[in-house]
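Undergrad: Before I ask anything, let me first share the structure, which is written out below as C-alpha cells.
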Amino acid sequence: MRRSDLGEFEEVVLLTVAVMVPKAYSVIIAEELERETGQPVSTGAVHAALQRLEQKGYVTSVLGEATAERGGRRKRLFTVTALGGRVLTDVRSVRNRLWERIVPPTMLEWS
Amino acid sequence: MNPPRFPDRLLTWLVAPHLREEVLGDMHERFFRRAGRLGETTARRRYWRDSLAYLRPSFIRRKPASNPTQTTPTMIRNYVKIALRNLVKHKGYSVINIGGLAMGMAVAMLIGLWIYDELSYDRYFQHYGRIAKVMQHGTHNGEVFNGEYNPLPYGNELRTKYGADFDHVIMSSWTSDHILAYGEKKFTKTGNYLSPDAPDMFTLKMLRGTRAGLKDPASILLAESVARALFGDADPMGKTVKIDNKLNVKVTGVYEDFPFNTEFRDMTFIAPWDLYVSSEDWVKRAQDNAEWGNHSWQILAQIAPNSNFETVSDKIKNIRVEHDPATAFLKPAVFLHPMSRWHLYSGWDKSGNLDGRIQYVWLFGIIGLFVLLLACINFMNLSTARSEKRAKEVGIRKAVGSVRSQLISQFFSESLLVAGFAFALSIGFVLLMLPFFNEVADKKIGILWTSPLFWLSGLGFSLMTGLIAGSYPALYLSSFQPVKVLKGTFRLGRFASIPRQVLVVVQFTVSVTLIIGTIIVYRQIQHAKNRSIGYDRAGLITVAMNTPELHKGYNALRGALLQTGVVVDMSTSSGPATDLRSQNAGFEWEGKDPNFKESFGTVAVTHDFGKTVGWQFKEGRDFSRQFTTDSSGMVLNETAVRYMGLKNPVGKIVKWGDTSFRVVGVIRDMVMESPFKPITPTIFILRYDWADVINIKLNPARSTRESLRQIEAVFRKFNPGSPFDYRFTDEQYALKFRAEEQIGKLASAFAVLAVLISCLGLFGMASFVAEQRTKEIGIRKVLGASVFNLWRLLSKDFVVLVVIAFGIATPTAYYFLYNWLQKYEYRTDISWWIFALSGAGALAITLLTVSFQSIKAALMNPVKSLRSE
C-alpha cells in the first residue's frame, strides 16, 4: 500500500469529509477545520486538497443543490471512497501501533 | 450587503470555467456565514485574503476540450480543401482578391528591388568606404555651387603635402568617347585616362595581366567586353591598339567590366594619365605652368585606413585660396565627397541644400508602400465583407461540433491561401513588368532569386497580410453564439461598416493624389517642351571631332559635304547646340559696374554656325565673311544684353582679357542647357581653332538614311581612322527631359495601378452591398421605386466617400507638388482645373464601377429576389 502520497493536510481534510458525510463540501470542511485547529483555513486550500484527493481516488464528488446564500450556485459534495477509507484505516493503525509502543516514562516527561 | 466586487471579477476571469460555479459559490457562502458571525468588515477582509488562495494552477488551468483539436495533417488538408472550394465557389471575389493583392505586391516588389539597387550602387568596389571625389564648394553672387572640376596641380599638392592622409590620389580625364582601332576594326568606346595606381584603388578584377599594367605610359587596360569586340577570342595581351587615330598603346591587361550599377559603368578602357598629358598640348601646358585657375579635371582619392573624410576635408579645404588668392571672393573650399554619397546624395540647389536622388528613393518608397497599403485594404475589406455573410456558416459549424480553434484555423488558412496565391502571382507580374521597368528606370534589375532577404521579406509580408486580413473573421466571427446567429436575432452593430468606409476613403485619397501628381508632372514636361528654343533642331546632326585629321581642312570638308547636295550647311563649334560647355569671367564693357562679378557662357563658332542651326536675330546681323573685321566680332544672346545692361548693344566693344570684340548682333535665346532653367547669358565668338564638334544641317528634301550614307562616304575619305558616329540634335535635346519623363512615366504607371486596385476593391464592395440588400431592393421595387431611385440609393454611399477622399487629396497634392515645382525655375502653374478634372475623373470612375453592380441589382426581378430562401 502506497501511503506516502497522503500529505498531512490532505489527511485531515479526508478525515473531515468522513466526519461530515453526507454534507461535506469545502465551506463546511474549512469551518470545521478552523474550529478544530484554531488556525484560519481558506476554502481555496481545502478545495485544492479535495481536488488532489479526488485525483488519487480517495473521494468522489457530485454537484448538489443550489442555495440562495451561494447566489444560486451549486455546491460540490464529497464522500470518501472505499479506497479512501482503507487508506485512513491504514494510517490510523500505523499510528496506533506506534503510540502503543511509547513507554509510560516518556509520556510522563511530556506532560 | 455584498461581497467585494473586485476579487469576484478577478476570480471570474482567472478561474477555469468548469470550476467557476463552485468556487464563487464557496466564496459567497463563506462570506455570508462570516459576516453573520464576525461582522461585515472582517468578512470583507478575509474575503480578499481567501480569494488569493485560488491563484494556483489547478484552478486556473482550463479543462481540455472534450474533443481535443489536433492539428493533424488530415485536419490541415481539410482546411485547405474547404478554402479552395470557397475560392472556386466565389470566382469573382477570388479573382478580385488575389489579383488586386498580387498587383499591389508586384508594385511593392518592383519598387523594393529598385531601392535595393539604388542603395547598393558602387558597392562593387572593395574600397567603397574610403574612396572619394575631390570637390570644390563656393559662393558666387549669392548662389552656392559645388563642382567636381579641379585644377591639375591639386593632384601633386594632395600627394606631396597631405600624402599621409591618402593611399591613392588619381587624376582623371573624365570618361569620354574615344576611338579604339586594331587593324581594320574601329569602335567608339568610352574610356578614361587615369593615374597608374587607379587599378589598385578600383580593385580591378584582372582577367589577364596585372594591376601594374598602367605603369608604362604607352599601355592600355581593356574591359572584357571591349577586348572581345576588338580581338574576338584571340589573346589581346601585347597587341598594339590605336587611340583616336594618333596614340599607339600596348594592351597590358583585361579587367572584368564594371557592373551596371556603378558610377564607372561606362569606363570600358583605362589608359595612363601621363599619355594624356603628353598628347594634349593644353593639358601639358596646365601641368608645366601649374595652372591653378584651369578647372578641367576630375580627381579621385582613397584616404588612408586610419583617417576619415571629415578630418581630411578639413585639412585640405584651403588649398585653392592658398595658391589662387584672387578667388578668395568665392569663399572656395575643397572637400572630399565620399563614394557612399555619390549616387544618392549628389546635386545641390542654389542655396546649397542637398537635392539628390535620395529624394526619389523616398518618393517611390512611399508610393510603393501606399500602393501596397491599397491592395491590403482591399483584401481586408473584401474578406471581412464576405465573412459577414458567413455568420450562419459559423453557427452551423459550431452547432455540429466545431470548436472555436478549428474555426480560427479554417478562416486563417483561407486568408493565408489567398495571400500565398497572390505572392506567387506577383512574382509572375514582376517578371512580366521587369523589362519595361528596366527600360523606363534605366536599370538592369533582376529578381534576387538567391537572396534570402528577398524571400524572407516576400513570404513574411504575405504571412502578415494573410494574418491581418484573416484576423477579423477568424477572431471575431468565431466568437458568435450559434443560437443567436441561427435564430437570426444576431445583428452587426450600426458602426460595423465604418472601418471599411474609412479604408475606402484612404484608398481614394491616395489614388486622387497620384492622379493629380501625374497630371502636373506631365504638364511641367509639356510646358518645358513647348518652350521656344531659339534655333531649329530638325535635321541637325553633330559629329565629334575626335581625330587630328578633322581639324585640318575645314573648307575642304565643308565643300565636299555641300557638294553631295544632301547637306544644307555645315559648321564647327566648341560644343553642340544642346550643351553649354564653358563659362568664363574676365569681361569688361562700357558702363560695367566695377564690383559686378560677371560670368558668361562662351561658345566658339565658325561663320556658318548661325545658318546651320538657324539663329533668329533680334538686332544686328550674323557673322559674315564679307566683313574681315568680324574675326573679332561677337554675337550676344538676349539674356546677355539684359545682364550687361546695354541699351544699343550692336557696335559696342566688349573686352575679354586682352582681346576686344565688337558686338555685331543679338540673337534670341538658345536653350542650350536644361529647358527647366533660365538662360545663361552667352557670347558667341569666331574661333576656328576651338572647334570640337561638326554641326551638319541635312537637306529636308532628301531621305535621312540616304543623306547619312552620303555624308558617311565623305567622312570616310577625310577621316579614315575613325568610325562615322553622329548624333541627332533633337534626340540629344529630348534627353534633357529624361529625368522628368522617367518620373512622369513611373508616376503615371503607379497612378493607373492605384486607381485600378482601388476600383477593384470598390467593385467588390459594391457587389457585396448589392447582394446584402437584395431583399430590400425587391421590396422597394414592389412598392414602386424606379430603377433610377435604386441606382441613386446604392451609389450614393460610395460617391460620398469619394468626395471626402477628394477633399483630403486636394490640399495634400497641392502641398507636395507646389514644393516639387519650386525646384524648377521655368515651371508651369498649378491651376484649379487640374483638381477639378481629377476629382471629376475619380467620381466618374467610381460611378462606372459602382453603377455596374447597382444597376444590375436594380434591374433584378423582385419576384426572384423575394422568393429566395
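Each Cβ is built from the backbone N, Cα and C atoms, and glycine gets one as well.
Sharing the features that TrEMBL gives for it:
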- B:94-318: domain 'MacB-like periplasmic core' (DOMAIN)
- B:95-116: transmembrane segment (TRANSMEM)
- B:360-382: transmembrane segment (TRANSMEM)
- B:366-482: domain 'ABC3 transporter permease C-terminal' (DOMAIN)
- B:416-434: transmembrane segment (TRANSMEM)
- B:454-477: transmembrane segment (TRANSMEM)
- B:498-522: transmembrane segment (TRANSMEM)
- B:510-713: domain 'MacB-like periplasmic core' (DOMAIN)
- B:746-770: transmembrane segment (TRANSMEM)
- B:749-862: domain 'ABC3 transporter permease C-terminal' (DOMAIN)
- B:798-818: transmembrane segment (TRANSMEM)
- B:830-850: transmembrane segment (TRANSMEM)
Undergrad: Mean pLDDT for the domain 'MacB-like periplasmic core' (B:94-318), rounded to an integer?
TA: 90
Undergrad: What else in the chain is close to the transmembrane segment (B:798-818), if you only count residues 6 or more beyond its ends and a Cβ gap under 8 Å?
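TA: For the transmembrane segment (B:798-818), the far contacts come to 501, 504-513, 516-517, 520, 762, 765-766, 830, 835, 838-839, 842-843, 846-847, 850.
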Undergrad: Taking the domain 'ABC3 transporter permease C-terminal' (B:366-482) as reference, which of B:94-318, B:510-713, B:749-862 has the most Cβ pairs under 8 angstroms?
TA: B:94-318
Undergrad: For the transmembrane segment (B:95-116), what are the same-chain contacts with Cβ under 8 Å, counting residues 6+ beyond its ends?
TA: 361, 364-365, 367-369, 371-376, 378-379, 382-383, 418-419, 421-423, 425-430, 433-434, 437, 441, 443, 445, 447-448, 457-458, 461-462, 465, 750, 753, 756-757, 760-761, 763-764
